[in-house]
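Straight out of TrEMBL:
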type     : residues : note
DOMAIN   : 43-290   : domain 'Orn/DAP/Arg decarboxylase 2 N-terminal'
MOD_RES  : Lys67    : N6-(pyridoxal phosphate)lysine
ACT_SITE : Cys359   : active site, proton donor
Amino acid sequence: MKATGPIPSGYEIVDGELAIGGMKTSALVAQAGDTPLFVYSTGHLRQRVADLRAAMPERLAIHYAMKANPYSPLLSLMNELVDGFDVASGGELELALNAGVDAARISFAGPGKRDRELQRAISLGVTLNCESEGEAARALAIGAQLGITPCIAIRVNPSFDLKGSGMKMGGGAKQFGVDAERVPALAQHLIAAGADWRGFHIYAGSQALSADAIIAMQAQTLALVGELTDAIGAAPPHVNLGGGFGIPYFPGDEPVDIQAVGAALSEAFDVLPDILAETEFCIELGRYLVGEAGVYLTRIVDRKISHGEVFLITDGGLHHQLAASGNFGTVIRRNYPVAIATRYEAEPEEVASIVGCLCTPLDKLSDSAHLPRADVGDLVAIFCAGAYGASASPANFLGQGPAKEMLV
Ligand SMILES: *Cc1c(COP(=O)(O)O)cnc(C)c1O
């Protein structure tokens, strides 16, 4: 038997079944018309942002990094809840605009922005988080061509990373950002060239659960902002402090202590140098905002025994939930939180593996989990499916196609 991750709080039980937003999962599937289905909970999303705002200093704006989940109805909801959107491609920019996000609230990061993406962003007044001197030069040239002053922040490649993070995105040689020591010269160049210099974007990593690690990273980030500001001789109008708040996916994982992070950040803001008095600060979060608000529902289509082991074979799989299969940036495969949604209150009584319908042994959604006895027709719920699920999985693999999605 292998343990499964902790089921996020905030889900309900109706008639013995898992329910989301007051509706039984079987009813949600009936409404959507089919499985597999991603369900995202409005109540969960609202609560998450409200709790985060309550914990963080008022001065800190909250941005949504939409690569975690670009589902249009979810973007429209997040647009009501957060202060800004961080996009990382021209495609994401269009999705954000279509969901009603005001271009002035969008910043655009990501290496390898093409000229037409820069053109579109500049003409809309989107802030570019420039990833290199070369990109900054192209942005200036395109701005001049269009007769529009480009809004440019510099993405800084810091010399530190986020300790304990699942993905390190700073420290040492990286394809992201401009090495910190070259940032002052670039900022001075942008200011002299007449760009609307917006400040810094400093992103050091993702998926950290330790408040101490996040606090240390934020302290290092603020110290770096102080040094860069002194070297440039001008205050950044805006600083994106990055994010990196993780969510518990696996057995033993504990949620981030956001009270501790907020308290430390308040203290840090209280002792900022005077030159940063007018600077606006934000954090950008993806999975922390949306990850636990999503559930992937898939139906059991076969139940079989092989060499004494039970396999529950579903109509879903890694083509929608690559991360739960352990094939999206993880070294050791561990079980996400899972449940038999239609027997949510039943006692566990057997060890079974939940697999997908793809012809590859990689397609395992849960390995040897202790579960209630489930049969053909039952629904399986994979939790923590709100981030890096539908849009980060190879939906066309084996001709399967995308899952349905709904926001309730
Ligand atoms: C991926 C990414 C994020 C979001 O990461 P999460 O772990 O989902 O919070 C935020 N900012 C940048 C620059 C990123 O690349």
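All positions are counted from 1 along the displayed chain.
The backbone N, Cα and C atoms fix where each Cβ goes, glycine too.
Values in this document were obtained by computation on a predicted structure and should not be read as measured data.
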In the three-state scheme derived from DSSP, which category covers Lys67 (N6-(pyridoxal phosphate)lysine)?
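Lys67 (N6-(pyridoxal phosphate)lysine) sits in a helix per DSSP.
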Could you state the CA-to-CA distance between Lys67 (N6-(pyridoxal phosphate)lysine) and Cys359 (active site, proton donor) to the nearest Å?
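About 28 Å separate the Cα atoms of these two residues.
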Over the domain 'Orn/DAP/Arg decarboxylase 2 N-terminal' (43-290), work out the mean pLDDT and round it to an integer.
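Per the prediction, mean pLDDT sits at 96 for the domain 'Orn/DAP/Arg decarboxylase 2 N-terminal' (43-290).
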Are there residues of the same chain, six or more positions away from Cys359 (active site, proton donor), whose CB falls under 8 angstroms from its CB, and which are they?
Leu398
Just to be sure I understand the packing, how many Cβ atoms besides its own are within 10 Å of the Cβ of the residue listed as 'N6-(pyridoxal phosphate)lysine'?
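There are 19 such Cβ atoms around the residue listed as 'N6-(pyridoxal phosphate)lysine'.
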